[in-house]
Each structure stands twice: as C-alpha cells, then as structure tokens.
Amino acid sequence: MTGQLRLDDHLQRYSETAPHALAVATAVDAIAAAAIEIADLIGAGDLADASGLTTGRNSDGDVQRDLDVQADAILRRCLGKLSIAALASEEMREPQIGDRAARICVAIDPLDGSSNIDINMTVGTIFSILPAPDDLALAFHQRGSAQFAAGFVTYGPQTSLVLTLGDGVDIFTLDRKAGCFRLARSAIQISEAGEEFAINASNRRHWDPPVRAFIDECLAGVEGPANHDFNMRWVGSLVAEAYRILTRGGVFLYPSDARPGYGDGRLRLTYEAHPMAYIIEQAGGSASTGRERILDLSAQSLHQRVPLIMGSSNEVRRVEELHCDPLLVASISAPLFARRGFFRL
C-alpha cells in the first residue's frame, strides 16, 4: 500500500484548482486527522472507556451516546483551528459562527450509526462543505447542489474515507502503520441497475403504498416487472449502506411513514441526506425523497428531516414513478391497502 497516492497529496493537487479549493482541502485534511483519532478511540472499545452508553439526548431529541459526544469534540477541536465561517453538527442546537471572512462552512454528523457500537458494527462520520454566503444565517439553508465537497468515513474492518470534491468519487483507506489515508479506489461508478435493496422491512405496515409497491416488485424478482431477483440488506448504519451501494450498487430506502415523528422521514437533510446525495450522484447514481431530487432541496431548519432513497438510478427512478402513480397516491388513505402484498395475507 505504500506506493499508493496519499490523501494529502491528492488534496494538495486539488487545492490549486479554484479560489475556494485551498480552504476545502484544509478542512478535509482536518476531518481526516480527526477520523484517525476517532478510529483509534472506537477500535479500543471498552479498553479506552469508549462505550456505547447513553448520556442523554441531543438537541434534536435523539439518544446521545458517550461516543457521539467524544467524536463531536474531536472534530470540533480539529476544525476549530481552521478559518471556517460556520460549523454545524448533529450534536449542536445551532451553528457555531467562526471567521466571517472565511470561504467555507462545514456540517458534520460526528458519529452516524452509533447505536451499532454495542454490537461491534460499522459506524461513521459524515461531512458536507459548503460555500460561505454573505449572510451566515443562510449558511445551512443552501441547496445540496451548492456543496463544494462531501464525504464520509467508515469505522469497520477497515477505516475508509469516501470523498468527492465535485469531480467524481474516490475511496481512501487508512494505512495504520503510516498514519495516513491512501487511495484505494478511484472514479467510483454505481451500476445503473442494482440487485440489492436495503430497507427496514419491519415497518412495512407503516409505509405509503408507493414504497410497499416497490418492495413488492423487488420481492417478485424474475416473476415481476423488475425481471430479476433481488437480495435484501439492512445494516441500520447510513455510512455502511452507502459504502455498499458505491461498491456493489443497489438501492437504500429510508422513507417517510405513518409512525408519529416519521411523517417527514428520519434522516437529516443538511448533514446526512445532502452529503450522501452529492456523493451518490457524483458516482453516477441518484438520490431522491421519492418525489424530489435531494440536491434540489434547501433546509428550512438545521435539523430538518427528509425521506431518502438513493443508489442505482433505475431503482430510484422506479420509486419516483410509483410515487406519481395516481392509483397508488389515491390509495394512501385507503386502509385496506395495508392488507395486500407479500408480507400480508
């Protein structure tokens, strides 16, 4: 692995390409340094008192674990040394305003999937880098298409950094001996059609009819309109699901549903859906709410939630088509629809 391109060399080349590029490269480098520290903390587990114990709830009401707090502190310390106009985090109620003359704003989910810590499953860090507007009150109300860069880190069997700087997607793997990230895969492309779908099927009774119809088509396999079989996956970690899609294709669905608190979806637009959608599109895939392109949306509040369907473009397009089907749309209020399908008799 020693002969492969180092992340810092990759960022050095990029830093000379545009007026904002140096600021973006410096922020990515700081996030990578924080990720190495977080990876060590997670890897030590209980030996380093890095437990998945809950410490309360964050500002948006989600369960907050000790590692969420520690990861947030590490990232804020590393990014706090830089010239950044505004910083937003899942663990913060409001954005932190910094250098008003800076060119960039950064949004982070310090530790996505932290509920998986207890069972030793993959967790990660997600980040989005945006231009700094003249009015910093609007810093995190921009469309997703405005992003300069986005990425995520997976802490699993390998520690990997998935990165787009607006010109394709590359994957860097942590070289633990050298203490740096090195290029492992470049110019990632998601297959147009996938053979896997990921959704929490236990919530089927709560889904809207278009989502149920799509999953029923997947389950019908070669005997249905898709004309090929699917496998089902569900990890419960957004970074793990996204990494699988980038490397194997397929589609991930976290739709809105009828449960209290899930009517607008569950994932946050600014620091989860936006960066993931940017990465997926840069790799040739698609990302949608089922009705709208994720990157066309602008957040009305920092912690706004949205549905997210992302992955191979054929499958995402089919979900959107079903959301436009007048019969399915009309049946959303029809209770008997819930009795149909492969999971109900």
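Here, residue 1 is simply the first one shown, and the rest follow in order.
Backbone N, Cα and C define each Cβ position, glycine as well.
For the Mg(2+) 2 site, Swiss-Prot records ASP109, ASP112, and the single candidate of GLU241, GLU272, GLU281 listed with them is GLU272.
Per Swiss-Prot, the candidate among GLU90, GLU91, GLU94 that belongs to the Mg(2+) 1 site alongside ASP109, LEU111 is GLU90. Counting every protein chain shown, the Cβ of SER115 (substrate binding site) has 18 other Cβ atoms within 10 Å. The Mg(2+) 1 site, placed at the center of the C-beta atoms of GLU90, ASP109, LEU111, has further neighbours from the same chain whose C-beta lies within 8 angstroms: ASP68, ALA71, ASP72, SER89, GLU91, ILE108, PRO110, ASP112, SER114, THR125, ILE126, TYR271.
Spread of the substrate binding residues is 17 Å (greatest Cα-Cα distance among ASP112, GLY113, SER114, SER115, ASN200).
In the three-state DSSP assignment, the secondary structure recorded for SER115 (substrate binding site) is helix.
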